[in-house]
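Asker: The structure under discussion is supplied below as structure tokens; questions concerning it will follow.
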Amino acid sequence: MADLQKFTCVKDIYNLSQALQECIEIKKNPLATPDVGKGKTVGLIFLNPSLRTRISMQKACQNLGFNSIVINAGQDAWTWELEEGMVMNGVGVEHIKDAAKVLSEYCDVIAIRCFPYLKNREEDAQDRILNQFIKYASVPIISLESTTRHPLQSFADMLTIKENWLESRRPKVVLTWAPHIKPIAHSVANSFCEWIKEIDAEVVVACPEGYDLDPQYTQGLMITHKQAEALKGADFIYVKNWSSFHLYGATPEVDEDWQLTADKLRESPTAKIMHCLPVRRNVEIDDEVLDSENALIYKQAANRLVTAQWVLKNIV
Ligand code: CP
């Protein structure tokens, strides 16, 4: 019996500490189990763009002997109807339940990316596409980032923190908001908050007034609207933009400068800098920080492969 029934959030992993240790073993020899996926197919469905998630999943499939099929459902598939009981005389050509059941006939695992529209908070909170796939598919489902969470990213982030923290004291981890040019989803930040609670760390979430995340994710974490205070003595600084949760999807003006620049790191000179990528250089973080020795951004991206491999290995 597979360890994972689905992979959509941290609660789907039985023992994160053990899983991270197993990832370290996978990383030492990624080609150690080339037959795990023999004769099996993973369907990778993308309703939105991707570089890291797409390629790391394909490479993980390759390392484990799976066949992978990429479906760019935003362009190449019929438009899905999500409502039950509809007279389908509108834009939806195929009901999502039919698509999920049909894909289950071809695939042994289905992985799906479905971003939020950031228009209606209640609708996005339902994570309808992901949950309808979980409901109707007869094979395990992996989230490649949904409207609410990005579990594969957070899993890789936790591995990156573990690998880069060898001291016996608890690290101070700061999740700081950064500017962006357009409204961005909450999924990476929500997920990061959920996963970091499972790690022994002092955690601070820093964001401007009006940008507090959904409290269901930040509950139990320290929250501040003062970035400079939060950054003091930080061991890890995770930088991410997100739109307003309160004024859902809006981007209220922020007076202070929240870009992470080299001069803001004077009181945390050894802090490791993290970002899920893609990053808007010199908008979210300046070049000097991103290109510094303390930036872990490419290590995080490399760990996407390792954690993807762990998930696939444990889901079949
Ligand atoms: N971090 C991340 O998920 O990257 P992509 O959107 O390129 O997959």
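Heads up, residue numbers simply count up from 1 along the chain you see.
Quick reminder: no glycine exception, Cβ is built from N, Cα and C everywhere.
Okay, these came from TrEMBL:
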DOMAIN    16-163  domain 'Aspartate/ornithine carbamoyltransferase carbamoyl-P binding'
BINDING   SER50, LEU51, ARG52, THR53, TRP78, ARG113, HIS150, PRO151, LEU152, GLN153, CYS276, LEU277, ARG304  carbamoyl phosphate binding site
BINDING   GLU145, HIS180, LYS240, ARG280  N(2)-succinyl-L-ornithine binding site
DOMAIN    187-312  domain 'Aspartate/ornithine carbamoyltransferase Asp/Orn-binding'
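Are these features on the surface or tucked inside, and what touches them?
Answerer: Proximity of CYS276 (carbamoyl phosphate binding site) to non-local residues of its own chain (separation of 6 or more, Cβ distance below 8 Å) is seen for HIS150, GLN153, ASP157, VAL188, LYS240, GLN300, given in sequence order. A coil conformation is recorded for CYS276 (carbamoyl phosphate binding site) in the three-state DSSP classification, outside any helix or strand.
In the three-state DSSP reading, GLU145 (N(2)-succinyl-L-ornithine binding site) counts as coil.
Per DSSP, the secondary structure of the domain 'Aspartate/ornithine carbamoyltransferase Asp/Orn-binding' (187-312) breaks down as 43 helix, 20 strand, 63 coil.
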Asker: 10 Å Cβ neighbour count around ARG280 (N(2)-succinyl-L-ornithine binding site)?
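Answerer: Looking across every protein chain shown, the total is 16.
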Asker: Please average pLDDT over the domain 'Aspartate/ornithine carbamoyltransferase carbamoyl-P binding' (16-163) for the predicted structure.
Answerer: 97
Asker: For the domain 'Aspartate/ornithine carbamoyltransferase carbamoyl-P binding' (16-163), give the DSSP counts of helix residues, strand residues and coil residues.
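Answerer: Per DSSP, the residues of the domain 'Aspartate/ornithine carbamoyltransferase carbamoyl-P binding' (16-163) fall into 64 helix, 23 strand, 61 coil.
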Asker: List every residue in the same chain as TRP78 (carbamoyl phosphate binding site), at least 6 positions away in sequence, whose Cβ is under 8 Å from its Cβ.
Answerer: VAL93, GLU94, ALA99
Asker: List the binding-site residues SER50, ARG52, LYS240, CYS276 whose Cβ sits under 6 Å from any atom of ligand 1, in sequence order.
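Answerer: Checking each Cβ against ligand 1, the ones under 6 Å are SER50, ARG52, CYS276.
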Asker: Give me the CA-CA distance between HIS180 (N(2)-succinyl-L-ornithine binding site) and ARG52 (carbamoyl phosphate binding site), in Å, as a whole number.
Answerer: 20
Asker: From the Cα of GLU145 (N(2)-succinyl-L-ornithine binding site) across to the Cα of LEU152 (carbamoyl phosphate binding site), what is the distance in angstrom?
Answerer: 8
